[in-house]
Amino acid sequence: MAQQYQPGQRWISDSEAELGLGTVLAQDGRLLTVLYPATGDTRQYALRNAPLTRVRFSPGDSITHFEGWKMTVQEVDDVDGLLVYHGLNGQNEAVTLPETQLSNFIQFRLASDRLFAGQIDPLAWFSLRYHTLEHTSRQLQSSLWGLGGVRAQPIAHQLHIAREVADRIAPRVLLADEVGLGKTIEAGLVIHRQLLSGRASRVLILVPENLQHQWLVEMRRRFNLQVALFDEERFIESDASNPFEDTQLALVALEWLVDDEKAQDALFAAGWDLMVVDEAHHLVWHEDQVSPEYALVEQLAETIPGVLLLTATPEQLGQDSHFARLRLLDPNRFHDLAAFRAESENYRPVAEAVQELMDKGRLSPEAHKTIHGFLGNEGEALLAAVNDGDSEASARLVRELLDRHGTGRVLFRNTRAAVQGFPERKLHAYPLPCPDEYLELPLGEHAELYPEVSFQAQPDVSDDEQRWWKFDPRVEWLIDQLKMLKRTKVLVICAHAETAMDLEDALRVRSGIPATVFHEGMNILERDRAAAYFADEEFGAQVLICSEIGSEGRNFQFAHHLVLFDLPSHPDLLEQRIGRLDRIGQKHVIELHVPYLETSPQERLFQWYHEALNAFLNTCPTGNALQHQFGPRLLPLLENADDGEWQALIDAARGERERLEAELHTGRDRLLELNSGGAGEGDALVEAILEQDDQFALPIYMETLFDAFGIDSEDHSENALILKPSEKMLDASFPLGDDEGVTITYDRNQALSREDMQFITWEHPMVQGGMDLVLSGSMGNTAVALIKNKALKPGTVLLELLYVSEVVAPRSLQLGRYLPPAALRCLLDANGNDLSARVAFETLNDQLESVPKASANKFIQAQRDQLAPKINAGEAKVAPRHAERVAEAQRRLAADTDEELARLTALQAVNPTVRDSELVALRQQREQGLAMLEKAALRLEAIRVLVAG
């Protein structure tokens, strides 16, 4: 039955104790609304099972008024459901304090209440609570928090960008890495770190419709982010007054949003902290006219504090289009296209001078003059040191120039040339005779490029008797190729789902080669199973056959043989296909196998990609521009042209490609590349993450957590476990992920090849959710144990108290970094002396044995009068350490923010991309954080009573 709630009553959240005291605002039907004034948060709960505990103090308790004065309770009245406390204040005067006027920061002394009420927990739970506090503290202070838990190999430039961007207040940046460098992972890392730190709590992701599924898979698989995909159907069917308010992370197709004004209104009303826009280069802007998509994103960017734009490289975009993206981020700074062009031209010689310094290690007189003109007299000493061969001075000079870079803080652009670490590509072409059955096919959209689809679609063709794969020579070739490669993993990609499914049938019927298929008609779970079957080295499929759309968002870097069963109609799609294997971190040469039908449009398309665009052996940053320029001539010539016409087109396109590539190379901005790559900072993060991966602390901790909650674990295979709820499962809300069970691994490499396994890190929802269940409830906050130590007289009682320094503040202030909930131990002997400095927790723990609950309860009741004053005395013992900890937290917070303010203020003087709002927000955060830390209080977290035996 639902509890009786009255407006004004004070309750505390069982799952979010850090919110402070809550005040009931309203009870409406089946919903209860509670305000938490300390943080400004409001929560709605289902009335039947609200995770709340009534705050009710007893005579003898000390309580605090919201104005700060204290009183000792003598009597409690219940007036129409509201509690009224009567007692004495500090001046020994009689006072009355209604619960509505209680301080929002009051702690709830739950541990002592439970101990004396006979609610004594198993001994192992007390240790679990202590270790949970320690691990939580360590993670909150870690520089890797939000960076190490992604299901991906740690890569330096991605980690550098993620930390640099995510640690800003309301970041507004352009991510413009070249293809294959992982812009989506960078954006996901920024989102993940901002969510974990509390800098953002509501995120909007706008993408082209065809990329929605890819983003959904990436966010869920790599980051464990439960993104809600919104389309017209979901929006219309929702019962909520504003469907967007029901989710923290919304994934929305821009095409639908532009056409639906009602959805736009709801989106604006929902309020967001961070907006991510993929494929932002497709937003069309001209000085005199903008597209509806650009106008909508511009309006959103005016109201949403943080904006991430993912786009093609500036060189691919052209200067005008590049300016249009920057204008979305900071319209005050980038308001005049002509001024932007002039500024870019003025900066080019400086970038060229830096290129010279990087390549030759010294500056020519002309380069020296250029940099001196840019830095002014303040750069003279630095330039002199550079000329003397001082390498440290060279690094400082580059940093000075970086700080002054016109777009260095808002634009991140890494290139393959700068990053390195990509595999070589090898092309194997297989011309095959075109079968007669394809020669008489009716013409259609790209019918000659995908003849099997057109053939099978003919009304007079029987699916069972006349299958295209019985005569198409590419199928026989594929079977022979797979047999030659034996058990080597091979990825096959084709344009259509029908072709993929037919190929699987063909391999099963004609060869018995183990194969699996991957297409857009399958749900995520089915695709996971197919990917896992392909990844399994021992019993898995040799070949995975993917359709174009079905393979989006999936990378199979453990394979290095790629069969392009047909060719796509656009070079970007070709690059996407090759990119399934050709990613940074791939350890093998990419073997590209391309069968095509001779004297058909397939042969000509192969020649176009290979001879004109060079798109097989290298990435093709100019492909989109060349397709746009030559596309109208290309399509007719694919089907019908003499050799002379065709060769002329190939030659013209090749010449234009070489010209554009030369332009791109000379336009390379080495300063920007240095800034985007992190100049070595990312490498340190990679090393730290790999070191953390090798530690055993997490598996050891999780084993104790699983034991406590009744989760059974058994070996699945090497580096993998199967988790299942046991009959004794303690809490059905434990975030196992699946009621039937789940397979997990702590091994990053295993997780990368087996997407059906959960990759367990400190950031995983199972770990975080389990830790929250321990700390937000009362689990393990009382225990009684027998201590076996010959130095102690039998019957001696020791009292171990765990306190935490608690600060109630909005998560966005990130005060947990400075004042984490590490346990402050106090171990009191019979004389009230604190022995904690001499007896470590683990040393003590090893000497303890459990006591039957009934015996423990009997002992506590007998010792209540002796224990209660000792518990009250414990706080005074740890108060000096608490005060030191708070002072140190304030010092570190002030030092960090002062340093960042000084850096940004100096930077603003030479680089206008530092926004005033950023400095104002940082100052406010400093003052607010220091004030909140001043109010930090000690909270009794757990009590363990030890009896010598």
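Numbering starts at 1 and runs along the chain as it is shown here.
In case you wondered, yes, glycine gets a Cβ from its N, Cα and C as well.
Looking at 278-281, 470-473, 846-849, the range annotated in Swiss-Prot as motif 'DEAH box' turns out to be 278-281.
Look at the Cβ of each of the binding-site residues Gly180, Gly182 and count the other Cβ atoms within 10 Å; the largest number goes with Gly182. Here the motif 'DEAH box' (278-281) has long-range neighbours at 174, 184, 187, 205-208, 211, 215, 297, 309-312, 316-317, 321, 325, 328, meaning same-chain residues at least 6 beyond its ends whose C-beta is under 8 angstroms from one of its own. It is Leu181 that, of the binding-site residues Val179, Leu181, has its Cβ surrounded by the most other Cβ atoms within 10 Å.
In the motif 'DEAH box' (278-281), the DSSP tally of helix, strand and coil residues is 2 helix, 0 strand, 2 coil. Non-local neighbourhood of Thr184 (ATP binding site): Gln214, Trp215, Glu218, Asp278, Leu310, each in the same chain, at least six residues away, with C-beta under 8 Å from its C-beta. The average per-residue pLDDT of the prediction over the domain 'Helicase C-terminal' (474-628) is 88, rounded to a whole number.
For the binding-site residues listed here (Asp177, Glu178), the lowest count of other CB atoms within 10 A around the CB belongs to Glu178.
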